[in-house]
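Peer 1: Checked TrEMBL, it gives:
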ACT_SITE  Asp22  active site, nucleophile
BINDING   Asp22, Asp24, Asp190  Mg(2+) binding site
ACT_SITE  Asp24  active site, proton donor
BINDING   Asp33, Asp108  substrate binding site
Amino acid sequence: MAAGVDGDTAAAAAAGVVVVFDFDRTIIEWDSDDWVITKLGASDAFRRLRPTMRWNPLMDRMMAELHAQGRSADDIRDCLKSAPLDAHILSAITTASALGCDLRVVSDANAFFIETVLEHHGVLGCFSEISTNPACVDGDGRLRISPFHDPDDSSPHGCSLCPENMCKGKIIERIQATANGKRHFIYIGDGRGDYCPSLKLGEGDYVMPKENYPLWNLISSNKQLLKAEVHPWNNGEELEQTLLKLVNKLITPHAQPSQFEYKCDMSNPVSTEVGQALRVPH
């Protein structure tokens, strides 16, 4: 078979591969909420309020605390930009995107934090969609964070495995519904909230839990509940190696990541449509 035909076949196969990343402690090694709160000096207020509030409204309240201390949205943005991001993670993202995979973020962080970090590192354009808690800067210059699922809605998500503001399993089901069974999923995460979407994956899909984190522990407690094949990882280098191995297994044994050159398209940043997944137009 000619090389060009092989390339077309691989590209077509890659278009049927959806790679879903969690954000905190997956794309980034750290927790974005903790990074901002600690670096900008709001730890005392956090410790005082934590016993009385759920996480999502607590983070909105913490942004109010920072605003009251004179911290601007630009201060928060600069704080996020100062945090490190593993070069292996960046390489995994750009290579999987170059191969033609459909990359998405599903995270219980928020749109402002995620977009800031990904744009700063030049990979925001690699993702077709970001499903996360909406965030915007209000007229007073304060960053506001809202729940992905409104807890006051007449139709809450009703999942006992997930926090009330976000069920990642519902998000995966929506993506699956648009695929008509013609896509393979690779789900990468670490936390308890990543367990529900992992259970939604089927045969021919893969889940990549961060070893010795809550998702890995939950999977290990009863592996028979999962239909997807499990491939753990410990660090950025292992994530990159495992992800690209699985991608190449799905698309073609002949295509190697080193054959592709790619630069993420940053010309169309993520929209900020509140209450919906954020789509990245290309």
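Using N, Cα and C of the backbone, Cβ positions are placed for all residues, glycine too.
Curation does not apply to TrEMBL; its annotations are automatic.
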Peer 1: At a 10 Å cut-off from the C-beta of Asp190 (Mg(2+) binding site), count the other C-beta atoms across all protein chains.
Peer 2: 21
Peer 1: Can you figure out which of Asp22, Asp33, Asp108 (the recorded positions) comes closest in space to Asp190 (Mg(2+) binding site), comparing Cα atoms?
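Peer 2: If we rank Asp22, Asp33, Asp108 by Cα distance to Asp190 (Mg(2+) binding site), first place goes to Asp22.
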Peer 1: Can you tell me the CA-to-CA distance separating Asp108 (substrate binding site) and Asp24 (Mg(2+) binding site), as a whole number of Å?
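Peer 2: Their Cα atoms are separated by 8 Å.
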Peer 1: Name them in sequence order: residues not among Asp22, Asp24, Asp190 whose Cβ is within 8 Å of the mean position of the Cβ atoms defining the Mg(2+) site.
Peer 2: Phe23, Arg25, Thr26, Ile27, Ser107, Gly189, Gly191, Asp194, Lys210, Tyr213
Peer 1: Out of these recorded positions, Asp22, Asp24, Asp33, Asp108, which one has the fewest other C-beta atoms within 10 Å of its own C-beta?
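Peer 2: Per-residue Cβ counts within 10 Å for the recorded positions Asp22, Asp24, Asp33, Asp108 bottom out at Asp33.
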Peer 1: Rounded to an integer, what is the Cα-Cα distance in Å between Asp33 (substrate binding site) and Asp24 (Mg(2+) binding site)?
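Peer 2: Cα of Asp33 (substrate binding site) to Cα of Asp24 (Mg(2+) binding site) measures 9 Å after rounding.
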